[in-house]
Structure formats: C-alpha cells, structure tokens
C-alpha cells in the first residue's frame, strides 16, 4: 500500500491497450482469481483504471500490516467483496513490554466499518489490538450471521461476556482464536454456549490465557463438534481431560492442559490421546509424565516443549522417538547435545524454535545451553529447514557459514545472542553473516540481536548488500558508527519493515538512512542517540510519511525492570510509517506526532 511495486513486478501500462485491453472482462476476473500475492495484485492495479477496478472487485483477502497505514472506510470501500481481513496493531515490541498499554491500536474504527457493504466478509483477524466488549457486540450485529473465522491474536480489552455473545450469535464459526489475549474472566458459560451453538467448529484456541476451564464443557465440545481438529487451552489438569480425549475422535492438534501433580504416575496413567493426534504441546510436563507420549511419538509432526520441565537428557530421549517432526519448539535447555539428536533424527524438520530458558546460571551449566556447536549440527543434519529462531549463548562465523551452505530453503532466520557469557568465541560476525545471506537466497525475514561488538560497520554493510528479497529485519546491537548504517541503507532494495534496538546511531543518520531505502513502509527504533525533541527526524519527512517520536522519560532514565531491561519509557522511540489515513488522532501524551504536524 502507498508505494511503487519493485521493478521486477512492474506491468507495462501499454498492455491495457490492444492486447490486454481486448481480454474479456470475465477472463480477467477468472485470471485474477488465481493471483494471491499482494505485491502482484498491486502491480496489476497500477496498469490502468479497468484493471484497478477488476482488482478491487476480485480481491478476497487484505492484510493491513499496520492499523494506522490506511483508512478503514476507504480501504473497505475499495474492496467491497472481501472475504477475509487481517489488521495488525501495536508494534511487535509490545510483546516484550516495550510499548505503553495506552499506546493505541484500537479496533473500534475498523469494526465500525464492517457493516452491510461487506456482504462477503467471513473472516476477521486482529493482532495486538485493543478490542472491547462493545466492539465484539457491534461485530456480531454486523457480521455474526456470516462469520466463520474470528482471530484475536494477542489482543486485550474484552471479557468472557463478549465471548458468550459471540458463541451464541455466530453459529457458523469454524475457527475461534484467542491465544495470548488478555481477557477478563467473568465466567465459563461462553465455552458451554460455543459447544451448543457451533457444531461446525474446527479450531478453538485460548492457549496462554488465564481463562477457567470446566472439563464437562470440553467433553460437550467434543460431543457436539465432530469436526474439531485443533484445540489449544489454558491450564487444566490432564486427569480431568481423559473423557474429552476419549470423545474427540477427529482431534489432530492439542496444546495446553497441565500436569499439576508431577510424579503422580497413577493419576496420569490413564491419559490416552486420540489416534489421529499429530501435533502436541504440553504444559508442566516432567520426566515422569513423558512416557505417555511414547506410544504415538513416531506419528508426531509438530511438538512444542517450551512450557515443560524436561531436562537435556529428557529432550534427547523424547526427540529420538520422533523421526517425522516438521515443527519443533523448545527452550535452550535442550542444549547442543539435544540439537545433535534433532539433527540425527528429524531429517524432515522445517521449523525450529529455541526459546530463552531459565536465566539461572547454575541451571544453564547443569543442562547445557545452545551454541555454535548445536546450530552447526542442525544445519548439516536438517537440510529442509525453512525457519530457524534461536537464543544462543555463543556463536561463531563458522556456524553461520554452515547455515548458509546447507539450509538452502531457509525463508526466516532469527538469532539472539544472550549476554550471560563473559566472552564470545568469535566476534565480530561479519563474514558469517555475509555467508549466510549469500547462501540463503530465499530469506524474506531476518533478525539479528547481538551484543556490542557483534557486528562491525563492514558487517552491517554486508547485510544491506546481500539482503536480496528480505522484506522484514530486526537488528539489535549492530554496527559501530553512522557510516555503517548509511552503508546498510544503500542496499535493502526490497526491505519493507525495519526494527532497530540498542544501536549507536544518531538521529540524523537514522533519518538519512530511512529516507534512502526505496521500499521501506515501516520503521521502529528504540535505544539510539536521541535528542530531546527529535528535530533531526524531520530530515525524512515526505508526503504520506508519518513520524512519531516518544521522548525518554527523565523520571525513569536509569530505572530498570525486574528482568533487567530498561523501563518502557526510559529510552526514546521512533515510529515512522507510510499512511494514506494521515495523522492519527488517538496518540497518547507520551507520543509526539512530528509529521504531519
């Protein structure tokens, strides 16, 4: 939205005359029905008015990457036959407590437009937005009779009262997604009503919420919803789920629950999972409970062990029994030894996530930790990998080179170097990063959060030079001077979204770099050499480019949170983005809109 398509996707305007202009309207409708990539769609719409109109009439899905980038009324008027709409709200940093609660991203302007004109809308996905009970009531009134998919991902502001209204009124729901939402629990009736009124329900997810679960309601859900294939819930003791598992014959994916009384073998001995289950994520599972997975471990395609109490040895034993895994999520307690088992066993693995574990140094020494050794082993052994996200305690250029050499299908790579080790083996990582980017030519998303000295100006220049088709980047503690940032910006021809943290760059250099990146649509920065007013940021001012500055709070300048991170408002932030909606009207006092003024 709001920018030119990359050169390779330009279509000749002359095509609309003579050859392309003679194509029957029905044929164009049919052909465009098979064009889903939004960048291809954008290129089509720029050919001529006729193609622009047909694109508008045939567009079935739109993702708004930032809720303030477009006017709800204008966007929905342009695409009157949308079947699904996704809107993203607060910056990703909100997931890590770096954005104030009152920052904005209110769903109301969007919900208010979802009325009669959108007769085809069946699916709505809101991410990191503030959604109230009134918003959901308005949505039910407007779209409840047609809504088949409602996803509220990491949203806040609503209660189970609104969920009960959704459950009673939206009787065609196939998907209800509420993962990591902050929901006021006013009772469990919503789940009972959902089971009674939605027999076609296929996916229900309220994982990582604090909602109360009544086992009888889950059993009713299994009885009434014969097509239920995916269920992710909040904490509920596994001994209370035996009846549900017995009745949920179609279930293929389950996550949540809890082994509340660990070590009670007799209590959980009767837990039997459905025969079709191939995706599993268990909570609070320890060594003694692990054997309940063994009977069907060879059938598992997805396994999430992030919220278990398993040791390194437990990971090794369990993963050795899972040769068909496509997706694996663990904490770094898996250690290099565990990743060695992954490399030997999981030859089909496509996605690997290694999250940060316990920060207790003693525990890390006992259980291991992930370093260049484990990453290298996985790169060599799991050559189908498309996604790697890992928190590591040590890393080398050689490990990154191995990933570039062997992981040719990699589309998304994210690495965070933890600061618990005093010395890192091999810094800076300039040559390793260059080798990875040159080797992994399919990369579209790239994140690198290092420690001071982790990447020199030369390495930062390599990222720009070899960024290829990368559209999203998160960089932290990279570069040495403003010169490195300018060299980085000379590349990045296809970069659309950039996030920077803990960097040494000046406001002036940031503004110059941002202005010089041709495809950039969104940038968020925290922790840089900020001025009190952000005046140098005006160097990047241009039409349709909103600039918001959050000055540091003098009161909290040196205050730290309990986890050792700076307070939310102790460091200046920049948010700049293309917008066809103009200046937003709901900025909190902590945010200063610089442009448009």
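Positions of Cβ are set from backbone N, Cα and C atoms, glycine also.
Listed in Swiss-Prot:
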BINDING   92, 353, 391, 414, 501  jasmonate binding site
DOMAIN    22-64  domain 'F-box'
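Counting every protein chain shown, the Cβ of residue 92 (jasmonate binding site) has 17 other Cβ atoms within 10 Å. Counted with DSSP, the domain 'F-box' (22-64) comes out as 27 helix, 4 strand, 12 coil. Proximity of residue 501 (jasmonate binding site) to non-local residues of its own chain (separation of 6 or more, Cβ distance below 8 Å) is seen for 449, 474, 475, 476, 477, 525, 526, 527, given in sequence order. If you draw a 10 Å sphere around the CB of residue 414 (jasmonate binding site), it holds 16 other CB atoms from the protein chains shown. Over the domain 'F-box' (22-64), the average per-residue pLDDT in this prediction is 81.
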